[in-house]
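Presented below is the structure to which this report refers.
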Amino acid sequence: MKTLSIVIISPLISSILIIILNKKYSKNIISLLGIGSILISTIITLYNLVYFKNHEKKIYIQKLWKLMTIKNYNIDINLLIDNLSINMLIMITSIALLIHIFSKWYMKEEKYLKRYFALMNLFVFNMIILVLTDNLITMFFGWEGVGICSYLLIGFYYKNHKNIKAAMKAFIITKIGSICLIISILIIYKIFGTLNILEIKKLALKYYNHNDKNIKLINTLLLISAISKSAQIPLHTWLLNAMVGPTPVSALIHAATMVTAGIYLILRTHTLFILTPKILNLIGIIGGITIISSGLSAIKEKNIKKILAYSTISQLGYIFITISIKCWNTATLHLMNHAYFKSLLFLATGSIITNLKNEQNILKMGGLYKKIPLIYLYFLIGGASLLGIPIITSGGYSKNIIFSNLLITNNNILILIGLIGVLLTAIYTTRMITKIFHGNNYYKLNKKKINNLFHNIPLIILAILSTFIGGMLTIYLNNIKYKNVIMLEIISIIVIITGFIMTLKIKNYNIKNKQKKNIFNNILKYLFITEKIDNLYKIILIKPFNKLILFIKRDPLNNIISFTKKTIYYISNSIELFSNGNIRWYITTITISGIIIISFILINI
C-alpha cells in the first residue's frame with residue numbers, strides 16, 4: 001500500500017513537466033508523457049487492488065505529509081484505503097488512461113495539445129486526492145481543484161465567447177456546492193472537534209440522534225454540494241453547457257471525475273446521512289424527479305452530446321434513489337458500470353463527430369452503420385448497457401440489483417419511477433441510434449483513419465467492460481452477492497421493447513388535427529422542466545441582479561465619487577501643462593508667482 005503515493009504524484013509531475021517543456025518537443029512526446037503518467041498510476045492501483053482483496057484488513061491508513069496546524073489541530077495528508085476508495089481509484093485511473101490514449105488520436109491535430117494534457121493530468125490528480133484523503137479539508141482541496149480544472153477544460157476553445165460563458169456557468173453553479181461544503185466542514189469541526197473521516201464516523205454513530213438540528217443542517221449542506229457537482233435538479237444545467245469542450249473532456253467529466261465527486265461525497269459521509277431519514281427521503285425524491293425530467297428532455301434533444309449529457313443526469317438519478325434506501329455498495333456498483341459504458345458512448349461519439357467534420361446534430365446524420373460499422377457496434381453495446389438490458393450488459397446487472405433492493409424495501413413509487421426512466425431511456429436511445437446509423441445518409445464522411453491503435457484499443461476495452469464481463473467484475477469488487485430476480489428482468493425487457501416500439505410508432509405518427517397538435521405540443525412543453533430551470537434562474541436571479549447593478553451605477557454617491565475623480569484628473573492635467581520643459585516659461589511662472597505672493601503679504605501688512 002506504500003506505493004499509493006506514486007498514484008497521486010505521477011499525474012502531478014507529468015502535468016508540471018508538460019507545462020515547462022520547450023516548444024521544440026513534439027506532440028508525440030507530450031502525448032506519451034501524459035499517457036505514461038496515468039499508466040503508472042493505473043498499474044500501481046491494480047497492484048494495490050489485488051493486495052487489498054487478498055488481505056483481511058479492510059481499512060488501511062497511509063501517513064504521508066503534515067499539511068498545516070490550526071490551534072493545535074494537525075491537518076495531515078493521509079491516505080484512506082477502503083473498499084469505496086480503492087474502487088473509485090481503479091475507476092478513475094483506468095478510465096482516465098483509456099481517455100488519454102484515445103486523445104492521442106482525437107487531439108493529434110490540436111494546436112494547444114500541451115495545455116490539454118497538462119490540464120487533463122491535473123484534473124486526474126485532484127480527483128485522486130479527493131477520493132483517497134482521510135480528512136475533509138484535503139478532500140475540499142481536491143474538490144476545488146476538480147472544479148477549476150473543469151472550468152479550464154470546458155473553456156478549452158476559449159476564443160469562442162460561447163465556450164467561455166459555458167465554462168463560467170459550470171464554475172458558478174458548482175461554486176454553490178463549494179460554499180455549502182466549506183460551511184458544512186466548519187460546522188462539523190465545531191461539533192466533532194475533528195475533520196478526520198473515520199473519527200467523525202465513530203462520533204456520529206455514538207453520540208448523535210435523529211433529532212439533532214446540527215446534523216440536519218450539515219446533511220442539507222452536504223446534499224446541496226452533491227447536487228451541484230453531480231448535476232441533479234435543480235443544479236444540473238451546467239452539465240449541458242459543458243459539452244462545448246473537447247469530446248474526451250466530456251467523457252472524463254461525465255464518467256470518472258466531476259459528476260462522480262458529488263456521489264462520492266454522500267457515500268463517504270453516509271454515516272451522517274443515516275441519522276437524518278428525512279434527508280435520505282429527499283435524496284430519493286430529487287433522484288426520481290431527475291430521472292423523469294432528464295429522460296423527457298433527452299427525447300426531443302438534437303445534439304448527440306447533449307442527449308448523452310441528459311442520460312448522465314438520469315443515470316445519476318438512479319444512484320440517488322439507491323442512496324435513499326441506504327444501499328451504498330449498489331450505488332457504487334452502478335456508478336462504476338455507468339462510468340465505463342458512458343465513456344464508451346462518448347468516445348464513440350467523438351469518433352462520429354470527427355468523421356462528420358464536427359457535426360453534432362443527429363438529424364443531419366443517418367446511414368452511418370454501413371460506413372463505420374465498428375463504431376455502430378460500440379454504440380450498440382454502450383446503448384444496450386445504458387438501457388440496462390439484463391444478463392448481457394453491465395448496466396443490466398446494476399439496474400436489476402437496484403430494482404431488487406427497491407422491491408425488498410417496498411419502495412413501489414421509486415420502482416415505478418425507475419421503470420418510467422427505463423422506458424424514456426429506451427425511447428431516446430433508440431431514437432438516437434436510428435437517427436445516426438439508419439435511414440438516409442445526409443453527410444459526407446471525413447476520411448480520418450479510425451484503424452488506429454490509439455483509437456481502437458480504448459473502445460474495445462470499454463466495450464468489453466460494458467458487457468456482462470464488466471458487470472460481474474464490478475459486482476465482485478463491491479462485495480455484492482448477486483441473485484437475479486427473473487420477474488424484474490422480464491419486466492425490464494418488456495419496458496425496453498415497449499420503448500423501442502413507441503419510438504418507431506412516434507417516428508411515423510403525424511397529428512393532422514391542428515387543435516390536438518397544439519394540445520400535444522403544450523403538454524410536451526410543460527413536461528420538459530429541465531429546460532425551464534434556466535429561464536427560472538434568469539427571472540429569479542439574473543434579471544434582479546442586472547437591475548441592482550444598474551441602480552448602483554446610477555447611485556448619487558457613485559456619481560459624487562465619479563465627479564471627484566474627474567475633477568482631480570482635470571486638475572492633474574492642468575498642472576501637467578506647466579511642466580513643458582521650457583525654461584522661459586518656468587522663469588515667467590516663478591516671477592508671476594513671486595509677485596502674487598509679495599503683493600498678498602504687503603496687502604495684509
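Any Cβ shown, glycine's included, is placed from N, Cα and C.
Taken straight from TrEMBL:
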- 6-22: transmembrane segment (TRANSMEM)
- 29-50: transmembrane segment (TRANSMEM)
- 68-117: domain 'NADH-Ubiquinone oxidoreductase (complex I) chain 5 N-terminal' (DOMAIN)
- 84-103: transmembrane segment (TRANSMEM)
- 115-133: transmembrane segment (TRANSMEM)
- 134-425: domain 'NADH:quinone oxidoreductase/Mrp antiporter transmembrane' (DOMAIN)
- 139-158: transmembrane segment (TRANSMEM)
- 170-192: transmembrane segment (TRANSMEM)
- 249-267: transmembrane segment (TRANSMEM)
- 279-299: transmembrane segment (TRANSMEM)
- 376-393: transmembrane segment (TRANSMEM)
- 413-433: transmembrane segment (TRANSMEM)
- 453-473: transmembrane segment (TRANSMEM)
- 485-504: transmembrane segment (TRANSMEM)
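As a summary of secondary structure, the domain 'NADH-Ubiquinone oxidoreductase (complex I) chain 5 N-terminal' (68-117) carries 29 helix, 12 strand, 9 coil according to DSSP.
Between the transmembrane segment (84-103) and the transmembrane segment (453-473) there are 3 or more Cβ pairs closer than 8 Å, counting only residues 6 or more apart in sequence, so the two stretches are in contact.
In the predicted model, the domain 'NADH-Ubiquinone oxidoreductase (complex I) chain 5 N-terminal' (68-117) shows an average pLDDT of 87.
When Cβ distances are compared across the two stretches, the transmembrane segment (279-299) makes no contact with the transmembrane segment (115-133), since fewer than 3 pairs at least 6 residues apart fall below 8 angstroms. The transmembrane segment (139-158) and the transmembrane segment (376-393) are not in contact, since fewer than 3 Cβ pairs between them lie under 8 Å (pairs 6 or more apart in sequence). The recorded stretches the transmembrane segment (485-504) and the transmembrane segment (170-192) do not share 3+ CB pairs below 8 A when only pairs 6 or more apart in sequence are counted, and are therefore not in contact. Same-chain neighbours of the transmembrane segment (453-473): 98-99, 101-102, 104-106, 337, 340-341, 343-344, 347-348, 351, 374, 377-378, 381-382, 384-385, 391-398, 482, counting only residues six or more beyond its ends whose CB sits under 8 Å from a CB of the stretch. Packing against the transmembrane segment (170-192) from elsewhere in the chain are residues 136-137, 140, 143-144, 147-148, 150-151, 154, 199-200, 203-204, 214, 217-218, 221-222, 224-229, 235, 237-239, 241-242, 262, 265: each is 6 or more residues past its ends and has a CB under 8 Å from a CB in it.
Sequence-distant contacts of the transmembrane segment (413-433) (same chain, six or more residues past either end, CB-CB distance under 8 Å): 284, 288, 291-292, 295-296, 298-299, 301, 304, 307, 310-311, 314, 317-318, 321, 324-325, 362, 379-380, 383, 386-388, 399, 402-403, 406-407, 491-492, 495-500, 502-504, 506-507.
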